[in-house]
Protein chains: 2
Amino acid sequence: MEIENRKAAPIGVFDSGIGGLTVTREIMRQLPDENIVYFGDTARVPYGSKSKENIIRFSRQIVRFLKTCHVKAIVVACNTASALALDTLRQETDIPVMGVVEPGARAAVRETRNGKIGVIGTEATIRSEMYTQVIRRMLPDAEVIGNPCPLFVPLVEEGFAKHKIAEEVIDIYLSELRKTDIDTMILGCTHYPLLRSRIMEYFGDAVHIVNPAYETAMELKAMLEEKEMAHPVGGEASYEFYVSDAAEKFTKFANSILTYDVAATKLVNIEEY
Amino acid sequence: MEIENRKAAPIGVFDSGIGGLTVTREIMRQLPDENIVYFGDTARVPYGSKSKENIIRFSRQIVRFLKTCHVKAIVVACNTASALALDTLRQETDIPVMGVVEPGARAAVRETRNGKIGVIGTEATIRSEMYTQVIRRMLPDAEVIGNPCPLFVPLVEEGFAKHKIAEEVIDIYLSELRKTDIDTMILGCTHYPLLRSRIMEYFGDAVHIVNPAYETAMELKAMLEEKEMAHPVGGEASYEFYVSDAAEKFTKFANSILTYDVAATKLVNIEEY
């Protein structure tokens with residue numbers, strides 16, 4: 001690809017469903033000139049309960065699809081795929097591929113003063129200890145306390161994020177973690193940034209809340225600048241959304257969290273890629 | 001199959017996941033002598049967002065699997081598969097196949113005095129109007145009011161059925177329906193019997209709550225007796241549980257709702273059937 005064409009090419013972002021829109025939202029905010037192609041694998045969500053073999057197969061199919069959109073870089077905006085498929089995708093792909101786990105872990109390691117880091121996420125994410133492993137590579141003495149919050153995803157997806165029920169569920173899941181002396185906590189699920197202000201309020205100033213969606217957009221920005229791949233300033237960025245099922249529901253949710261108006265989401269038969 | 005062998009053969013029950021256990025529970029209660037083989041398609045749950053074509057394909061695979069267990073009858077304990085695949089399965093299968101929608105609709109038509117029937121279920125069930133169609137075939141003038149309650153399934157699955165949060169969510173979803181003059185309401189999702197007492201309390205005596213799981217077990221009992229296929233009285237019934245993914249989580253949930261102790265759930269690669 002010519003350098004200038006490459007700069008104008010979109011960023012590919014994918015997730016198992018709608019959660020990756022929080023990462024997309026941060027990319028839109030921090031890199032307002034970049035075009036984005038988003039793919040949500042809504043037909044095969046959730047990835048957390050699938051085998052590593054299947055996650056790699058799904059991720060390869062999505063990368064093949066995104067490459068037909070001529071993306072210049074790919075963000076794996078899904079914790080499970082970041083943990084299980086990133087190494088494989090990086091080896092097989094000739095464009096940069098980023099995950100969300102490393103940026104989140106890196107920020108936590110940078111922010112912690114006492115080395116005690118909390119991680120909240122889905123049951124699958126916490127059980128896999130994916131954040132613990134990456135944090136320990138960066139800070140071997142870190143103490144990582146994982147805490148699953150399984151109802152957070154449906155609460156957010158069904159529109160209860162701002163309801164007082166969300167406060168009660170936060171208290172049920174996180175009261176024990178709040179009693180520990182962690183000084184940093186990672187929102188280890190792409191849906192959780194939509195509960196961020198409530199969670200920050202619940203923990204207060206003593207705990208720094210790390211949002212991997214924000215950190216990932218920051219690292220993407222640095223990477224594009226370093227590789228001289230950033231889109232030139234000016235013009236209006238274009239955003240395209242694709243899913244493997246239930247396009248209408250996706251569009252509705254996307255419009256509830258993005259400032260950009262998502263007019264239509266296109267359906268892709270991902271098994272064909 | 002010999003008549004006596006046929007009587008001793010198990011009942012096959014299947015669902016997209018764990019919800020069908022409420023139907024299984026009713027069969028265990030009302031037909032304590034029957035052996036049961038349960039299959040939960042936990043790898044491909046939820047069915048509500050999948051196409052009719054796929055639901056039929058999935059159901060055929062499960063029927064093929066259940067027939068390897070020599071079942072004498074099959075209960076489709078899943079609203080979506082009952083609505084979309086039952087006719088096809090009945091045409092293709094040489095043993096009786098029952099769904100949950102017809103028994104639920106039949107009971108509502110029998111109970112209603114004013115012909116105004118409420119149906120609560122997942123978004124997919126309500127949008128499909130599957131209960132409305134079946135009720136209208138039985139009672140053409142019936143007025144059916146559908147009301148989706150999307151957070152009920154995750155609430156039940158994450159163990160909040162007896163928590164006060166369940167009460168609040170019931171009030172959020174059902175306050176409008178309570179203001180109508182329905183006199184009968186169908187629990188149109190296999191998870192909802194686990195919220196039954198709370199929902200009954202919320203609606204009070206004026207509304208008869210229909211539990212399709214109970215009605216299905218009653219119809220199964222009548223059918224087995226009529227066809228002289230009922231298991232002879234005596235001996236201990238055996239129960240077997242199979243899933244396509246996440247067997248451990250299934251076992252945990254099964255033990256939380258069944259009085260029978262589920263020691264182990266076996267994993268089946270359903271795509272091979």
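The backbone N, Cα and C atoms fix where each Cβ goes, and this holds for glycine too.
TrEMBL entries are annotated by machine, without manual review.
Copied over from TrEMBL:
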BINDING   B:Asp15, B:Ser16, B:Tyr47, B:Gly48, B:Asn79, B:Thr80, B:Thr190, B:His191  substrate binding site
ACT_SITE  B:Cys78  active site, proton donor/acceptor
ACT_SITE  B:Cys189  active site, proton donor/acceptor
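Feature annotations (TrEMBL) mapped to structure.
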{"residue": "B:Asp15", "record": "substrate binding site", "CB count, 10 Å": "31"}
{"residue": "B:Ser16", "record": "substrate binding site", "CB count, 10 Å": "27"}
{"residue": "B:Tyr47", "record": "substrate binding site", "CB count, 10 Å": "24"}
{"residue": "B:Gly48", "record": "substrate binding site", "CB count, 10 Å": "22"}
{"residue": "B:Cys78", "record": "active site, proton donor/acceptor", "CB count, 10 Å": "33"}
{"residue": "B:Asn79", "record": "substrate binding site", "CB count, 10 Å": "29"}
{"residue": "B:Thr80", "record": "substrate binding site", "CB count, 10 Å": "27"}
{"residue": "B:Cys189", "record": "active site, proton donor/acceptor", "CB count, 10 Å": "29"}
{"residue": "B:Thr190", "record": "substrate binding site", "CB count, 10 Å": "29"}
{"residue": "B:His191", "record": "substrate binding site", "CB count, 10 Å": "25"}
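B:Cys189 (active site, proton donor/acceptor) is 11 Å away from B:Asp15 (substrate binding site) when you measure Cα to Cα. A coil conformation is recorded for B:Gly48 (substrate binding site) in the three-state DSSP classification, outside any helix or strand. Cβ atoms within 8 Å of the centroid of the Cβ atoms of B:Asp15, B:Ser16, B:Tyr47, B:Gly48, B:Asn79, B:Thr80, B:Thr190, B:His191 (the substrate site) belong to the same-chain residues B:Gly17, B:Gly19, B:Gly20, B:Val45, B:Pro46, B:Cys78, B:Ala81, B:Thr122, B:Thr125, B:Cys189, site residues excluded.
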